[in-house]
């Protein structure tokens, strides 16, 4: 049996090659420290686990869930956006729960694109923006993110011939992999740009609560007029260490929300109700849980920056996310650098090229192991480059 032709259009998955190399080194008995995947190394707070467990014992919670999300969770999301960002949302028309934000980001292209339509994709970026576009029959157009511009796309550089066929502009701030952040002025500019060119603006805000040094990421939807053209994806995965639970949501433009909801109704059955209720608890009690999580990430961030800069690396100082983005030393390409680092030290980092061609020359460290484990990894890296 042959697979669908559209799967052949997907770019090579570089991370699969990296996984094979890791397995090869592990087979040799080498100790491996994995700093490559953005999967928090901490479990969810006990209160969230307890909330989920209690709800699982209730028989009424084991049937099919509401397709668009239970009312309690949607009202918790409404309250969160109002109190955190000053954004008012209609829970019936402007909020949709997701099986993790990843599926929503992938499926928005299925709901919006026609064959040959163009989506504008930041480069480097989370691969699902591009891959979701391809799987929906669309064409991805790269928007370079350059360090000298703060890893912010230059929207005016997009050719008019491409804009006329465009449907979606994807953004992701705070940013993975670069850890860059966007100003409210940029958000305002992006909204006006999409209004002018009749484009849907999609911001992936999965890291909006992972921020340091008194920095407070803003919501795209806090810009006046944003809901006319924009939606924002969010997730409980990173904020509450719930990556395996698969609970996320999207808010904003009601026409885009409606289209995505219609598509999802035909391909999935929503999020398990006890997990939605646990997510409700997490949002309602976020002030109790988030500070300890941020404290751990800040300590790890500071440790990594100190070690890398002492070893001579050029490091982008993150205000947000749990990543550190640094330049590859010397003349090596990013994949061979990470391969060499793995074989010589046992430390796994992510090559920038895995996020797009404009990620070449960089590598990403995920702050997702304990501080002691991270210190060991940094000592190994610094010893190798001394």
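Quick reminder: no glycine exception, Cβ is built from N, Cα and C everywhere.
Per Swiss-Prot, the features are as follows:
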type	residues	note
BINDING	13, 38, 102, 126, 176, 364	substrate binding site
BINDING	67, 101, 102, 126, 176, 207, 235, 236, 237, 246	pyridoxal 5'-phosphate binding site
MOD_RES	238	N6-(pyridoxal phosphate)lysine
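Annotation note: residue 102 (substrate binding site) sits in a helical segment as assigned by DSSP. For the substrate site, whose binding residues are given in the record as 13, 38, 102, 126, 176, 364, the maximum C-alpha distance rounds to 20 Å. Of all the recorded positions listed here (102, 238, 364), the one with the fewest other CB atoms within 10 A of its own CB is 102. Least packed by the Cβ count within 10 Å, out of the binding-site residues 13, 67, 126, is 13. Using a 10 Å Cα-Cα cut-off around residue 235 (pyridoxal 5'-phosphate binding site), the binding-site residues 13, 102, 364 reduce to 102. The Cβ of residue 237 (pyridoxal 5'-phosphate binding site) lies under 8 Å from the Cβ of 40, 100, 101, 206, 243, 245, 246, 247, 248, each on the same chain and at least six residues away in sequence. The closest partner of residue 67 (pyridoxal 5'-phosphate binding site) among the recorded positions, by CA position, is 238; the full candidate set was 13, 126, 176, 238, 364.
Of all the binding-site residues listed here (176, 235), the one with the fewest other CB atoms within 10 A of its own CB is 176. Separating the Cα atoms of residue 238 (N6-(pyridoxal phosphate)lysine) and residue 38 (substrate binding site) is a whole-number distance of 8 Å. Overall, the recorded pyridoxal 5'-phosphate-binding residues 67, 101, 102, 126, 176, 207, 235, 236, 237, 246 cover a maximum inter-Cα distance of 29 Å. The local packing around residue 38 (substrate binding site), expressed as other Cβ atoms within 10 Å of its Cβ over all shown chains, amounts to 20.
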